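Notes for the one structure printed next.
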Amino acid sequence: MGQADNMTIASGTRGITLMERAGDHVARVASEMCSSQGRIAIVCGPGSNGGDGFVAARHLHQAGHAVDVLLLKDPAGLKGDAAIAFGQMGLPSQIVEPAELKENLSGCDLIIDALFGAGLDRPLEGNAAAFADTINKSGVPVLAVDLASGVNGSTGEAEGAAVQAVRSVTFFRCKPGHYLLPGRDLCGDVSCVDIGIPESVLHEIGPQTFVNEPTLWRDAWTVPGRAGHKYDRGHAVVFSGPMSSTGAARLAAGACLRAGAGLVTLASPPSAMMVNASHLTAVMLRSVEGLEGISDLLADKRLNSLLIGPGYGVSDDTSEAVSVLLNSECAIVLDADALTSHQNAPEALFTQIKGRKAPVVLTPHDGEFVRLFPDLVALDKLARARGAAARSGAIVLLKGADTVIASPDGRAAINSNAPPWLATAGSGDVLAGIICGLLAQKMPAFEAAAMAAWLHGAAGVEAGAGLIAEDLAPAMRPVIARLVEKP
Ligand SMILES: NC(=O)C1=CN([C@@H]2O[C@H](COP(=O)(O)OP(=O)(O)OC[C@H]3O[C@@H](n4cnc5c(N)ncnc54)[C@H](O)[C@@H]3O)[C@@H](O)[C@H]2O)[C@@H](O)CC1
Ligand SMILES: [K+]
């Protein structure tokens, strides 16, 4: 965003003009949020975020609101556009000690948080933290300028105190911090407004971080054609665990088929054939024994996408099975036990992944991630996922309420449509199955993983409160139907 601002300013738009537009938008949203008689406290920090606040104060005053401009620091220290905006405001303001802020905020109908935005460069401490704390305890709704103060726009992290907003107004494009947790929750509902930064700056900046929305992958997804055949849509194999843990693989296989794979075979240990057979209908079943059995199965070159891990068991046998799979030419999803089984020798796994042509998708949750990439866990979530993708050569889908999908080529997508109900047993197996189903249809792996995370979230919303993993594959049907209808 800094680059976008600078390029716009370099091409002739003055910084103060951008600030004027930003502050104007903030004032409009503030007006929507309280009655025309409402009293608004605008709490301003030392940089341009505060500058947007000064502009908003002027507009709101002109619109007839009672406005209190409260300053964290001495305005003598203001620089650049913020100093200009302060000079043009024409309203009284006061520097407030943290202890006095509570009284200043009492009786107001809305607080505009213009303390810190994109320029946050350290956690909120001291007076700034006390300001955030007092704002949060006031019980007054907060509209944040750009993002909730204390949230790091690049990472979504809030290492110190942070303001809790109900709404945020941001400019030109959202920042990762609007989508990554806890930033997403702290910023509330986000409106992204146009302040005159031309779209063309994006060509030069070439952003590599995306919101996971259909526009990101819709063109890479093929809707079956009229003359299409099921064999055009690929043949996926999901590997089942032993007799006592077969459900995870069946959930995955069902979701794989629902995601559009032409055929899905569940490869079952002989001992688990009976239990698997008694539960399967459209998914096919095949008895596969040991590593030799897997090799024999994979000799069939029509099979093009594989999933191993859900309920498979953590053991050396599992890592050997994974190695046999990696020797094939199929696209592969490694989930759950297939990841944990490599905790003692992750480098060997990564070497094998990097040596093959067909893609591999790893789908760790935080616990599995730390076993494979222990030195990366201190990084922020985007950096963790990107670092893991670069190191492993795989697409990494790092799960959570803010799932991140990262590619070794540097692209990363942040998923934000997952309802909390998705945190339930078997949900991850379904997700792995969806990815496998999209890979079977020859979708490129980054797009397949991103679409799968989105479909999984949308199915969770469709199934609604009280869902269990079994509900997800049926709920995908209307979601897919809507995607087909609205290209
Ligand atoms: N031309 C532009 O660059 C535009 C910027 N805009 C606004 O400008 C904001 C960015 O402005 P700035 O870069 O001036 O940054 P901020 O206003 O976010 O804050 C920077 C100031 O806060 C101080 N600071 C940072 N972290 C602190 C902490 N934890 N505790 C205490 N002080 C801290 C810095 O030393 C600096 O003085 C955006 O968020 C947006 O609101 C908009 O006006 C649109 C145009
Ligand atoms: K702010």
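The count begins at 1 with the first shown residue.
Placed from the backbone N, Cα and C atoms, the Cβ positions cover glycine too.
Note: TrEMBL annotation is automatic and uncurated.
Cross-referencing D81, D113, D185 with the K(+) binding residues that TrEMBL gives (N49, S149) picks out D113. Listed by TrEMBL as binding AMP are K399, G400, A401, D402, T403; the candidate from G426, G428, G433 that the record includes in that site is G428. Close to ligand 1, meaning a Cβ under 6 Å from one of its atoms, are these of the binding-site residues A118, D121, D146, G400, D402: A118, D121, D146.
Only N49, D113, S149, of the binding-site residues N49, D113, S149, D402, T403, place a Cβ under 6 Å from an atom of ligand 2. Within 10 Å of K399 (AMP binding site), counting CA to CA, the binding-site residues N49, G51, D113, D146, H365 contribute H365. The two recorded residues G51 ((6S)-NADPHX binding site) and D113 (K(+) binding site) have their Cα atoms spaced 12 Å from each other. Cα-Cα distance from T403 (AMP binding site) to D113 (K(+) binding site): 28 Å (rounded to the nearest whole number).
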